[in-house]
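These notes are about the structure you will find just below.
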Amino acid sequence: MKKRGFYNLKHPFDPCPFEFFCSGTWKPVEYMRIEDGMMTIRLLENGYVLEDIRPFQRLRLRSRKAALSDCICFLRPDIDVCVLYRIHEDDLEPVWVDARIVSIERKPHESECSCKINVRIYIDQGCIGSEKQRINRDSVVIGLNQISILQKFYKEQSTDQFYRWRFSEDCTSLMKTRLSLGKFLPDLSWLTVTSTLKSIVFQIRTVQTKMVYQIVTDEEGSSSTLSSMNITLEDGVSLSKVVKFNPADILDDSQDLEIKQETDYYQEEDEVVELRRSKRRNVRPDIYTGCDYEPDTIDGWVRMMPYQFGKCAVNVESDEDEDDNNEDGDTNDDLYIPLSRLFIKKKKTNSREAKPKSRKGEIVVIDKRRVHGFGRKERKSELSVIPFTPVFEPIPLEQFGLNANSFGGGGSFSRSQYFDETEKYRSKGMKYGKKMTEMEEMMEADLCWKGPNQVKSFQKRTSRSSRSVAPKTEDSDEPRVYKKVTLSAGAYNKLIDTYMNNIESTIAAKDEPTSVVDQWEELKKTNFAFKLHGDMEKNLSEDGEGETSENEMLWREMELCLASSYILDDNEVRVDNEAFEKARSGCEHDYRLEEEIGMCCRLCGHVGSEIKDVSAPFAEHKKWTIETKHIEEDDIKTKLSHKEAQTKDFSMISDSSEMLAAEESDNVWALIPKLKRKLHVHQRRAFEFLWRNVAGSVEPSLMDPTSGNIGGCVISHSPGAGKTFLIIAFLTSYLKLFPGKRPLVLAPKTTLYTWYKEFIKWEIPVPVHLIHGRRTYCTFKQNKTVQFNGVPKPSRDVMHVLDCLEKIQKWHAHPSVLVMGYTSFTTLMREDSKFAHRKYMAKVLRESPGLLVLDEGHNPRSTKSRLRKALMKVGTDLRILLSGTLFQNNFCEYFNTLCLARPKFIHEVLMELDQKFKTNHGVNKAPHLLENRARKLFLDIIAKKIDASVGDERLQGLNMLKNMTNGFIDNYEGSGSGSGDALPGLQIYTLVMNSTDIQHKILTKLQDVIKTYFGYPLEVELQITLAAIHPWLVTSSNCCTKFFNPQELSEIGKLKHDAKKGSKVMFVLNLIFRVVKREKILIFCHNIAPIRMFTELFENIFRWQRGREILTLTGDLELFERGRVIDKFEEPGNPSRVLLASITACAEGISLTAASRVIMLDSEWNPSKTKQAIARAFRPGQQKVVYVYQLLSRGTLEEDKYRRTTWKEWVSCMIFSEEFVADPSLWQAEKIEDDILREIVGEDKVKSFHMIMKNEKASTG
């Protein structure tokens, strides 16, 4: 009995076989007429006849209406369909247009399909012959009843029947619907030539759901018999054949198909058909695939867990191997869960020598690698991509209904027993009724379809379907690859529950935390024992040296000299015998900086850090702002000389060079003796500041975790001052005293790469678990794919979920750090998720963190931000917020940032400003109501006083703010970007540019438009920003038609390649021409269009190549791609000369010290963005003087933005400075100290520069 086809791709023809695109829609065509070599078509609508039609344009087979089975088996993302949609709002009726499916929101099918299908409408409709077509960015939601499936001719055609084509076939691509493809075009050519030579009229039409080439005669009206022509091929020659037929005697194919399907469906109950593995891609069949309970009746079949067991192996393959082996694989994003926990962590061993140990209740993994493909891998930087290392730990098989003890019959299951049984079974010819081994029966019992005839299904299952698709080799250890299967819904839930239960058991198994004093005493004992052991070894070695005779010492010295003469060059440092012996016995290194080597021990010559890893030393004479609120004065011990004490100004905060870090052995510095030497002065003070705020004191005996004075704090150090390394050092020491606290580090996507490199660079012993975002994880999985042989292969989404759960479990099991991006955190914290594991991970992230670290914590500062709301729900008050630019735009955002870092700040503000709240000792209200109340008081009292024009009132507001915040804010304002005087220097110039004639005309028109609005409309601001760079850029915006007519846009469009029409463009080209041979240039821009334009200009003018001399860094690049671009630009000797970067994509957390010239093409509303962008180049590691050019267009909105930005920067300085800050207008001076800039200005003949000012406050050289 034949099996019933669940889905059929071929379909009978519609009564109207073709459709034609006209009047903005696809209209059905009754027939195509060929007469005298001319083709005409007749439309079904009103019987219109269109003459001289070419079959290559706007004509195709008619699309068929989608059915319920299409939603189940055919429709998927990235296929083209025809949809019924109202293009314009003023249209009376919807029209049929082509579109592409973006995504499908699946819903259960009951009486009809209720799935929501997101599609994008093509812009160029009817152009099915074009290879490249434009498509709308915005998607629309439609239903199944609005979709038609595209059709093409079936590959088989008739040669001896009255019809030429019997079926059409479903088509997924718009390109493949062309009639010029396949065998229809030669037929059409034959009919056209025949109609001319023989004067015969043909009609291509549908007769009883079949397409015929009908011959039109005068006798058709009087006779029921029709004539058609068919074409046959004999000996390579096409011959025509005329066939007469009666339409009434022909059976409709649609009825034929229904009868056939009904016949195929009712099979004999004794016949058990083997499970057919679907060959479709990206589709899940709409069948019942799992059940967690026993069915009420025995009728029908229930799919159980489809496990196939063989020699299980984990193969790491390249992308090409994955594509070849997975040609029919399922890449849907639905949750297909593997038995990944059945595998042991992969080890790098030889496949022929791998002998894994036998374990009870586990399946042994044999590691195999494919040898082919050598030489195809490109060499990549080790740190350019964050590696993905999947780790799978074994889970007992009993959790999935498999009895591991039954394998082999003994108490344990060995690899040899398993493979001996399988080889014995496979070596025999498998026939029906053959007796199976006990192990095979167990496997079949777990793999079977449960039903009334399951015993017969065992006997009638063929051995071919259960065997490997790979041929058997002589090597018995060679792994076998089985056909891919997927887990049922019940197995998926069990696996997820197992992971979550593991986390719960890990949390429950944690012992009660010991007191800080007990933990400290235990650490001291451990360190004392280790030190005592080292001293004993040292004494023994010294005793041995004393007993050595003088002759032996001479011989040893001579051997060392001989070896040195062969190994060392004359200019290398030679290590004496005493230092060599000290190094062998465990030298207490005293590192000194050697400019050619790095951090080198002066005792034994050991190199601690190479010169490439050594940061430039920070200057000591920097202002250090720290208050003593909630901190005892006795905790800060200073050592001042007599002269310094006499000259100290008590109205100012103590100089950082005057306050030295505590050196007592009974404090937290004893926890990180090696890292302490690598911290700069300001970092050491911040280290103690963190301990006082988070734990209460630097001395463990004085720490009280229940104290009300401890809480969140802010590290506001200048960009590039080493905040990341400071936090790494603090976490290393913190976890030693508080191992039960689970630190969670959240960072922007761009800085995750920096965090990862820092942990590797400093060799931190604390385990770090990095949770990738979904897209980044899938990209890593493509680069290094893990293939599961013989078990269900998971989808990428499932692998990501398992990876997150596994890392969270390890985070709970051992003292470690969990690092993730803000985007991933927001995704996992969604409360409206329908998946139980998502809700569980959100619960864990809210309740488990004992310490929350927020890198670049000023980003989630909006009151309505979903990220900020999620962060406020994390149940810990111990938080550390890192920011180089704490004050952003206004005091409302500043208040939100402080509340995020220190939730107690809300109560502190209310106690200080709300007399009613202070009298009642707090009011029991909802947290968000208290926050709104505190925010209102903060803005009405403090912010208004600081914004006031009266100096005394402003000073009063600043003092109130400092009294409330200085206790938990540690501010470090180094020179320039915080890198200190050791850096070569920084010069910042503001260039006010005169516009060209065409620029002036455009900008004047746009400035007049602004006067009609209240505020600054975004569209007008965008147009002004683009026009100030180059006039042609206004045409790159979609809103340009609102301000310019078509004639003006046409004239502007001709200026694209004329660089002289833009004053900023001319300055960039002049600067690059003068410095390109010896310096690299970093160009920041807010929009993408200028980046693309400059790329084309550099290619045309300098003959550079994109990706070689020209590099771009924009927001659409994934994390690992950004890392590659940064490493390429920073690599010494790389041919890259210019990096065009989006200021939003790389303004924070990355190092671009290869550039010594920075150009800011447009101004920003937020001064912190400009400051962060400058800090990408002016930071530790910079070897040259950095020149920054801020370009402004005279008399435009850019000048207003610059003045507003300067005021915000002044307010920020007033908040964090103890001294009076001068008027910001005095920061600028009209002078030029840059030789290159002076040369450009001297040669300027068109007077492009209106004013050039140097920022004296921000510049250091």
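Quick reminder: no glycine exception, Cβ is built from N, Cα and C everywhere.
Look at Swiss-Prot and you will find H717, S718, P719, G720, A721, G722, K723, T724 tagged as ATP binding site, backed by sequence analysis. Annotation note: H717 (ATP binding site) sits in a strand segment as assigned by DSSP.
The annotation domain 'Helicase ATP-binding' is assigned in Swiss-Prot to 704-904.
Summarising the annotation, Swiss-Prot assigns domain 'Helicase C-terminal' to 1067-1232 and lists sequence analysis as the type of evidence.
Residues or ranges marked as region 'Disordered' in Swiss-Prot: 458-479.
Annotated motif 'DEAH box' per Swiss-Prot: 855-858, in sequence order. Outside the motif 'DEAH box' (855-858) by six or more residues, the chain places 714, 723-724, 727, 745-748, 751, 755, 881-886, 888, 893, 897, 900-901, 1148-1149, 1168 with a CB less than 8 A from a CB of the stretch.
Counting residues of the motif 'DEAH box' (855-858) by DSSP class, helix then strand then coil, yields 0 helix, 0 strand, 4 coil. Averaged across the domain 'Helicase ATP-binding' (704-904), pLDDT in this predicted model comes to 85.
According to DSSP, T724 (ATP binding site) is assigned to a helical segment.
For the binding-site residues S718, T724, the largest tally of other C-beta atoms within 10 A is found at S718. Taking all protein chains in view, 29 other C-beta atoms sit within 10 angstroms of the C-beta of G720 (ATP binding site).
The number of other CB atoms found within 10 A of the CB of P719 (ATP binding site), across every protein chain shown, is 26.
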